[in-house]
Amino acid sequence: MPLVAHTDLPTFQRLREEGQDVLSVERAARQDIREMHIGLLNMMPDAALEATERQFFRLVGGANPIVQFHMHPFTIEGLPRGDQAAEHIARYYESFDRIREEGLDGLIVSGANVTQPHLQQEAFWQPLTEVFDWARSNVTSILCSCLATHALFQYSYGVERTHLGFKRWGVYSHRVVEPLHPLVADINTRFDVPHSRYNEIFREDMEAAGLRVLVESEEAGVHLAVSPDLFRVIYFQAHPEYDTVSLLKEYKREILRYFSGEREDYPPFPEHYFSLEVGAALNDYGQALRSARRAGRAPPPFPEEFVLRHLDNTWRDTAKAVFNNWLGKIYQITDQDRRKPFMAHIDPDNPLGLA
């Protein structure tokens with residue numbers, strides 16, 4: 001929670017300059033604690049639908065312990081669904097019409113699987129742009145994850161993402177490059193984040209559009225950037241929401257694709273994710289799997305218990321800190337009426353007073 005500058009002590013101004021939340025007495029007096037309403041547009045495929053709910057709910061729930069958060073999951077048309085996922089959505093999700101009617105303070109937009117060479121050719125593109133159009137006028141801040149970042153960037157600025165020609169896959173070291181921005185204030189200046197993508201928006205493309213890059217990796221590129229107003233849209237290219245085992249599940253899925261003949265090459269390891277001990281065990285497993293494939297035998301059992309004992313999570317605490325900063329800023333500037341994005345005195349084009 002922010003400090004209140006109830007005296008002229010110079011330390012308050014010094015902390016403001018360092019990016020610390022410090023409210024004036026007048027602004028603090030206008031803050032009535034109420035619950036916050038956060039939407040989750042979940043576009044992930046059936047197998048990851050509920051895991052994605054847990055991942056983002058966990059990050060929101062791990063934020064400020066004083067404020068209560070109401071989560072509002074919903075989805076859109078144009079995404080293929082099996083019977084079980086469709087039933088889950090029908091039972092537990094809200095409609096976009098209801099979301100629009102009742103309003104949100106913040107909106108998280110997940111990634112999605114794609115089947116077309118260009119995002120605008122996807123069946124979900126038009127429904128997704130309708131959500132974007134509404135949210136940009138009615139929600140205090142939108143937080144986009146990976147594919148959603150690429151989609152909103154293209155929709156807003158007309159610039160398509162670039163295919164890398166390979167999969168950026170693993171856990172990469174990142175550095176905060178704008179330490180005074182409130183989103184990254186008081187977090188670790190170096191930290192890891194998982195990436196899992198074939199496409200990228202490069203720093204030069206973001207800066208040409210007026211975005212401000214806050215966190216990047218020498219090896220993996222930009223992770224975190226913000227819209228020109230510095231808060232209305234938060235762009236993630238990586239996956240800070242990932243569980244410790246998320247990349248392991250992806251790796252196992254690729255192994256099964258290789259064994260079934262869906263891919264020709266044996267999958268490489270996610271970079272900087274497995275320890276040397278795990279790598280050695282998985283190399284042995286890979287040899288056994290190849291032998292079984294050549295001989296037409298069933299695949300050997302995966303050494304999951306051993307692998308799980310040696311996996312580390314080097315990103316969760318920083319992810320929680322960033323989400324806490326994001327939600328805290330929303331709370332300070334959103335209107336008491338959740339259908340209105342800002343308090344009356346807040347400039348929508350410069351909501352943090354920093355642009």
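Glycine too: its Cβ is placed from the backbone N, Cα and C atoms.
Under the DSSP three-state reduction, Cys146 (active site, acyl-thioester intermediate) is assigned to coil, being neither helix nor strand. Around the Cβ of Cys146 (active site, acyl-thioester intermediate), a 10 Å sphere holds 21 further Cβ atoms from the protein chains shown. Look at Swiss-Prot and you will find Cys146 tagged as active site, acyl-thioester intermediate, backed by sequence analysis.
If you look up Swiss-Prot, you'll see His239 marked as active site, proton acceptor. According to DSSP, His239 (active site, proton acceptor) sits in a coil region rather than a helix or strand. Within 10 Å of the C-beta atom of His239 (active site, proton acceptor) sit 22 other C-beta atoms, taking all shown protein chains into account.
Under a cutoff of 8 A between CB atoms, and with a sequence separation of 6+ in the same chain, the neighbours of Glu241 (active site) are Thr52, Gln55, Phe56, Arg58, Leu59, Ser145, Ala319. Among the features that Swiss-Prot reports, active site is placed at Glu241, with the record citing sequence analysis.
Feature annotation from Swiss-Prot assigns substrate binding site to Lys167, Ser196, Arg253; the stated evidence is sequence analysis. Sequence-distant contacts of Ser196 (substrate binding site), defined as residues of its own chain at least six apart whose C-beta falls under 8 angstroms from its C-beta, comprise Cys146, Lys167, Arg168, Trp169, His239, Tyr242, Ser246, Leu247, Glu250, Pro270.
The annotation site 'Important for acyl-CoA specificity' is assigned in Swiss-Prot to Asn113 (among others). Counted within 10 Å of its Cβ, the other Cβ atoms near Asn113 (site 'Important for acyl-CoA specificity') come to 15, all protein chains included.
According to Swiss-Prot, the feature site 'Important for acyl-CoA specificity' maps to Leu147 (among others). Long-range C-beta contacts of Leu147 (site 'Important for acyl-CoA specificity'), restricted to its own chain and to partners at least six residues apart, with a cutoff below 8 Å, comprise Met43, Ser110, Gly111, Ala112, Val114, Leu119, Arg197.
The DSSP secondary structure for Ser196 (substrate binding site) is strand. According to Swiss-Prot, the site 'Important for substrate specificity' annotation covers Ser196, on the basis of sequence analysis.
Sparsest Cβ environment among the binding-site residues Lys167, Arg253 (other Cβ atoms counted within 10 Å): Arg253.
Pairwise Cα distances among Lys167, Ser196, Arg253, which the record gives as the binders of substrate, peak at 15 Å.
Note: the Cα of Asn113 (site 'Important for acyl-CoA specificity') and the Cα of Arg253 (substrate binding site) are spaced 15 Å from each other.
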